[in-house]
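All remarks here apply to the structure that follows.
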Amino acid sequence: MKIDNITIRHMEMDLKAPFTTSFGTFETREFLLLEAVDTDGTSGWGESVAFNVPFYSEETVQTNWHMLEDFLIPLILHKEISHPDQVTEIFSSIRKNNMAKSAIEAAVWDIYAQQTNQSLASALGGTRKTIDVGISIGIQDSIEELVEIVDGFINEGYKRIKVKIKPGWDVEVMRTLRNTFPDVAIMADANSAYRLEDIDLLKQLDDFDLMMIEQPLASDDIIDHATLQKELKTPICLDESIHSLEDARKAVELGSTKIINIKIGRVGGLTEAVKIHNYCKENNIPVWCGGMLESGVGRAHNVALTTLSNFTLPGDTASSSRYWDKDIIEPEVVSEHGVIKVPELPGIGYKINRDTVESFTKSKKHYK
Ligand SMILES: O=C(O)CCC(=O)C1=CC=C[C@@H](O)[C@@H]1C(=O)O
Ligand SMILES: [Mg+2]
């Protein structure tokens, strides 16, 4: 395989409903969409999950464009690639910038799967033909509103409910949800909104039989999470703290986490995501696939990754229609009763609607 040209598109899609986390509210989703074309004309697609603001991680749409244009694209264009695992090696001189790297790496995986006439799921070693999925719900204006939204998604059959928490929107919220929905799988995601001093408050969450508390403490911490996990009954799940297999190994060995949320962009691509999956499987740490309000391209990659055997907990990959009036792929990702059928066509398995892509394109640039 040899990448002949790459097109980057700065996309902006309106979210059907604002999504609020402990670090802010999104009403639209800006992101970079990347198309890589092999010398034989095969197109592969990847999506960077970086936001337009550096609040989830230090990467943004703008930093991504700079890294792709000035460093990553020049490293990979016209280079002979025999397997997508080589992309991580090709990029090894570039520090971090994982979301920018993963946009290209995921597109290369898409090309490879098409050229080897297999689904991306199979190319990654996945075996599942369907995947169970949950839903992630942002912070609402009132607990009553949240209860109504949760009720709706439970009726749609989502396998687990993830709600955002932050100081002032936590214990009462989770108590109400647990009292209203005694048998539903519920988890909380704090996005680093707490400190170790909040330990007494966080221990109150142990009363609600949550599946996990995601990233309660600082986004670059594993030490305080290890201290906190010793005090909590509820398993801690790390998201922002885990950028690589090495981060995962250290966190598991320290006892900082009992579950890991794998996000392809956060860890630099599918190759590293599979390595983290395999390590966690060997160490009896269940994993699930986190979401980043992706378009259908990133959503398709998440579906493929979630077919690997140790993705035993429902992830965030809900239906396209949860986020978008119209997605950029056909068919859209559809979850029926919390189950998504894994496409078996070669590559990501969904067709890109180029007209819809153009309609959401703010700007684009072609690199040969
Ligand atoms: O529905 C999804 O795509 C998941 C949304 C979600 O929970 C998140 C998206 C992006 C950053 C965070 O706010 C949060 C997460 O940490 O998982
Ligand atoms: Mg999270």
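Yeah, the Cβs are placed from backbone N, Cα and C, and that goes for glycine too.
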Which of E156, E172, E214, E272 belongs with D189, D239 in the Mg(2+) site listed by TrEMBL: E214
Cα separation, D239 (Mg(2+) binding site) to K164 (active site, proton donor) (Å, whole number): 13
Active-site residues: K164, K263 - member with fewest neighbouring CB atoms within 10 Å: K164
Annotated recorded positions K164, D189, D239, K263, filtered by Cβ under 6 Å to ligand 1: D189, D239
CB contacts for D239 (Mg(2+) binding site) [other CB atoms within 10 A, all chains]: 21
CB-centroid shell, 8 A cutoff, Mg(2+) site D189, E214, D239, site residues removed: K162, M187, A188, A190, N191, M212, I213, Q215, C237, L238, E240, N261, G290
E214 (Mg(2+) binding site): tally of other CB atoms within 10 A of its CB: 27
